[in-house]
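Written out below as structure tokens is the structure these notes cover.
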Amino acid sequence: MFNFSQKIGIDLGTANVLVYQKGKGVVLQEPSVVAVNKDNNKPLAVGTEARRMLGRTPGNIVAIRPLKDGVIADFEVTEMMLKHFIEKTVSKRPIFKPEVMVCIPVGITEVERRAVEEACNQVGARKTYLIEEALAAAIGAGMPVAEPTGSMIIDIGGGTSEIAVISLGGIVVSESLRMGGDQLDGDICRFVREKYNMVIGEKTAEEIKFQIGSAMVLEDKTMDIRGRDLMSGLPRNIEISASEIEGALSESVATIIEAVRSVLEQTPPELASDIMDTGVIMTGGGSLLGNFDKLISKETEIPVFLADDPLTCVAKGTGQAIEEIDQLKDVLFNKKKAYK
Ligand SMILES: Nc1ncnc2c1ncn2[C@@H]1O[C@H](COP(=O)(O)OP(=O)(O)OP(=O)(O)O)[C@@H](O)[C@H]1O
């Protein structure tokens with residue numbers, strides 16, 4: 001099949017990789033995990049299949065999350081993962097190699113930018129563009145980013161949280177935290193170990209977060225969990241409540257709210273007034289934590305809304321940006337220079 005201009009947008013996330021393909025939408029959504037055979041250093045499984053192996057691998061296999069805190073921690077494994085996902089999405093024998101747009105966190109260093117570009121070029125991209133994650137999230141959430149009006153986005157991913165005010169296609173004020181939903185899992189593990197002398201894995205912690213995790217408990221509920229007793233070394237069940245988890249998460253939640261406040265404080269008054277009128281939009285999987293939007297709204301006295309399908313906004317925005325790259329080039333790339 002001829003396909004002259006394969007354009008794909010990649011949300012290369014700490015927790016999930018999403019690929020958006022021109023004309024098709026989000027065509028791939030899989031966890032950012034690779035299972036590697038240590039004997040020959042070859043990937044054994046990538047994505048969903050590899051995630052099932054996390055914490056359950058024999059000695060010669062390791063299940064690796066190659067991205068940490070939003071950036072590439074293991075370059076070689078990231079390349080394996082990108083290669084697998086790009087090959088899975090683009091047609092088998094493309095006439096032209098694909099053009100790829102990848103989103104990156106706002107605070108990323110030049111070395112980290114080059115690492116992402118190099119990884120895409122290594123796996124066969126004809127041209128690689130980078131877009132800041134907050135901007136991609138705002139585009140994907142349908143915000144009028146190119147207009148002369150203030151749009152505020154809070155994107156909470158697995159390893160990073162980006163808070164930004166955008167106007168005329170550029171980021172005017174932003175904060176980027178190297179923490180997100182995954183840190184909340186760590187908070188839960190630590191809490192259970194300290195309070196109940198019990199060890200739980202990160203998958204169990206995430207399950208607790210999904211089921212009873214909340215930034216602000218409005219109605220308490222409980223959940224039975226299973227882990228390993230630290231003293232006896234044996235499996236044990238306990239019941240845990242949503243308000244206990246709220247307490248365990250409070251410090252990380254407060255850090256994110258503090259960053260939101262800091263962005264608001266630095267926002268020029270005209271743009272702040274636009275934001276008061278239109279509200280803030282939350283994207284990213286971390287924004288699905290129970291009542292997070294309500295708590296931020298309560299603490300900042302600004303309307304806060306959860307985007308439709310928050311997990312796919314960044315990928316959609318990245319894909320839309322590459323679809324319209326010719327029109328957006330001036331707005332996105334010149335603006336970025338102007339605000340540097
Ligand atoms: N229903 C939910 N409640 C709470 N947290 C959730 C929910 N669904 C997903 N998450 C969390 O969202 C995070 C993943 O979000 P997302 O896929 O947007 O991140 P990412 O793009 O991979 O990461 P990053 O942008 O930091 O590189 C994980 O920490 C996951 O546990």
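For all residues, glycine too, the Cβ spot is worked out from N, Cα and C.
Pulled from TrEMBL:
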- THR14, ALA15, ASN16, GLY158, GLY159, THR160, GLU206, GLU207, ILE208, LYS209, GLY285, GLY286, SER287, LEU288: ATP binding site (BINDING)
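Features as recorded by TrEMBL, highlighted on the structure.
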| residue | record | Cβ contacts under 8 Å, 6 or more apart |
| --- | --- | --- |
| THR14 | ATP binding site | SER32, ARG65, LEU67, LYS68, ASP69, GLY70, GLY157, GLY158, GLY159, THR160, GLY180, ASP182 |
| ASN16 | ATP binding site | GLN29, GLU30, PRO31, SER32, GLY158, GLY285, LEU311 |
| GLU206 | ATP binding site | ASP185 |
| ILE208 | ATP binding site | ILE188, ILE200, MET223, ILE225, ILE240, ILE245 |
| SER287 | ATP binding site | ILE154, ASP155, ILE156, ASP293, LEU306, ALA307, PRO310 |
Contacting binding-site residues, sequence order - GLY159, ILE208, SER287 vs ligand 1, Cβ under 6 Å: GLY159
Site diameter for ATP, Å, by largest Cα distance between THR14, ALA15, ASN16, GLY158, GLY159, THR160, GLU206, GLU207, ILE208, LYS209, GLY285, GLY286, SER287, LEU288: 20
Number of Cβ atoms other than its own within 10 Å, given for GLY285 (ATP binding site): 20
All-chain count of other Cβ atoms within 10 Å of GLY159 (ATP binding site): 24
DSSP-derived class (H/G/I helix, E/B strand, else coil) of GLY159 (ATP binding site): coil
